[in-house]
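Engineer: Copying in the features that TrEMBL gives for the protein in this structure:
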type	residues	note
DOMAIN	80-475	domain 'Amino acid transporter transmembrane'
TRANSMEM	85-105	transmembrane segment
TRANSMEM	111-132	transmembrane segment
TRANSMEM	174-195	transmembrane segment
TRANSMEM	211-228	transmembrane segment
TRANSMEM	240-257	transmembrane segment
TRANSMEM	277-295	transmembrane segment
TRANSMEM	316-334	transmembrane segment
TRANSMEM	354-374	transmembrane segment
TRANSMEM	395-412	transmembrane segment
TRANSMEM	418-443	transmembrane segment
TRANSMEM	455-477	transmembrane segment
Amino acid sequence: MKDFVGKGVRPIITDYDPKKRTARTELGDLVLVKYKCQSNGVPTSMTNGSTLPLVASGILKDAESGGYNPFEHRRLQHPTTDMETLIHLLKGSLGTGILAMPYAFANAGLFFGLFATFTIGVICTYCIHILVKCSHILCRRMKVPSLGFADVAEVAFMAGPPGVRKFSTLARAIINLFLVIDLLGCCCVYIVFVAKNIRPVVELYLPGHDLHWYMIALLPLLIVMNLIRNLKFLAPFSMIANILIGTSLGIILYYIFLDLPSFNSRPAFASVETLPLFFGTAIFALEGIGVVMPLENNMKTPTHFIGCPGVLNTGMSFVVLLYSSVGFFGYLRYGDKTEESISINLPDDPLAQSVKVMIAVAIFLTYALQFYVPMEIIWKSLKHRFTSRPKLVETSIRISLVVLTVIIAVLVPNLGPLISLVGAVCLSVLGLMFPSVIEIIVVYEKGFGRFNWILWKNLLIIAFGILGLVTGTMTSLHDMFKEQAH
């Protein structure tokens with residue numbers, strides 16, 4: 001027990017059951033032991049019926065402000081510098097969403113879209129701050145060096161008020177579920193992106209093929225690529241994809257600025273009815289909360305991640321500025337003719353066609369990296385059930401998931417509503433609502449500050465997330481069915 005529990009936090013055994021091999025003990029200690037055992041694959045059980053308070057006030061203060069520094073206990077083989085972390089943050093945030101930003105502005109209006117993009121960017125960045133800050137508090141309180149996103153949720157509930165402790169496992173499951181849905185949804189978006197960008201090029205030489213056939217033709221190639229299990233072998237694909245996306249974006253900006261109309265030629269505000277589509281697309285593009293905790297956990301100086309200016313603020317400022325610029329000028333250039341991916345608006349000359357090919361190849365190569373995380377989450381939760389032939393089962397699940405993403409893409413080839421749906425459903429929950437819920441639980445013991453401002457602030461963010469979730473989902477589904485009917 002000494003290995004698990006720091007000085008000043010000693011378990012008090014009040015009742016022991018040799019049959020169940022469980023003990024009632026100080027919940028703070030029990031949470032700590034349980035979490036560390038689970039993290040290292042050691043089974044343990046816990047009762048939620050502690051007869052003692054959650055954490056004694058003195059213990060809580062010692063745990064959060066005492067001698068334990070989680071950053072000093074991190075053992076990293078290859079810690080990343082601030083600049084390396086910033087580059088990884090930009091790589092994780094800059095993706096296909098930037099190509100959809102002009103379409104987002106078309107649903108919001110030229111100047112309202114600019115204002116709303118900055119607003120959503122600030123809120124998303126602030127929620128990432130909340131998550132990282134809560135992670136640091138829980139690391140000190142639990143005396144563990146680092147926590148992932150799902151870990152933060154589980155430990156927060158586990159050490160929270162008595163009424164929420166029993167939901168700790170559910171909290172982890174919900175985080176993982178929405179991460180899987182989000183990332184597999186992105187894979188579906190990627191398939192539609194590739195098909196829509198490669199089709200105009202092929203149609204110049206072999207016309208007459210339906211979009212669905214391009215998606216189906218990708219299936220065997222996707223299956224082969226996703227049989228690569230080692231992330232090390234996928235890294236070169238990421239580098240190639242980043243180079244292709246960067247080059248393509250530069251050429252797209254050249255076409256955008258080639259013949260810009262006046263600002264007065266576009267409406268400053270679109271309509272209330274299309275705002276949910278803007279919200280879903282913008283949050284899909286801007287929200288990078290899934291990559292945040294792994295980046296912070298691998299930093300050489302993690303205290304530099306948040307703060308002013310900080311790695312997070314610097315990276316997200318650049319991302320929001322770039323996305324706003326592409327969205328603003330892309331919509332200004334093409335107006336009502338703005339496509340779901342700005343690359344589709346490009347002309348048929350060889351340079352523009354090369355952009356579409358580069359984007360298609362880049363997104364195709366990125367699919368395997370996007371697929372890696374949900375596959376890991378799913379297999380980690382299932383592998384204990386298949387001990388006889390695990391490799392065969394894992395391969396079957398891998399192929400089945402790839403086939404599933406292609407089927408969904410074929411059934412829902414409407415890129416704009418699909419992007420908005422993924423953003424509204426998954427990222428409203430992961431990026432806005434859950435960080436706020438976690439902070440409410442973590443600071444509950446200390447209080448919510450003057451006038452309960454921390455509570456009210458988080459409730460407003462949760463309400464904003466629910467509004468975006470409901471309206472974005474309904475509008476996206478409505479547009480999907482409407483386009484299918486036509």
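Backbone N, Cα and C atoms are what each Cβ position is placed from, and that goes for glycine too.
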Engineer: Mind checking which residues of the chain, 6+ beyond the ends of the transmembrane segment (418-443), have their Cβ under 8 Å from one of its Cβ atoms?
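Structural biologist: Long-range Cβ neighbours of the transmembrane segment (418-443): 97, 100, 123-124, 127-128, 130-131, 133-134, 137-138, 149, 152-153, 156-157, 160-161, 164, 174-175, 178-179, 181-182, 185-186, 188-189, 192, 276-277, 279-285, 287, 289-290, 340, 412, 454-455, 458-459, 461-462, 464-466, 468-469, 471-473, 475-477, 479-480.
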Engineer: Count the Cβ pairs between the transmembrane segment (316-334) and the transmembrane segment (240-257) that lie under 8 angstroms and are 6 or more residues apart in sequence, then report whether there are at least 3.
Structural biologist: yes
Engineer: Under an 8 Å Cβ to Cβ limit, what residues of the same chain, 6 or more beyond the ends of the transmembrane segment (240-257), are close to it?
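Structural biologist: For the transmembrane segment (240-257), the nonlocal Cβ contacts are 91, 94-95, 98-99, 326, 329-330, 333, 342-343, 346-347, 351-352, 354-355, 358-359, 361-363, 365-366.
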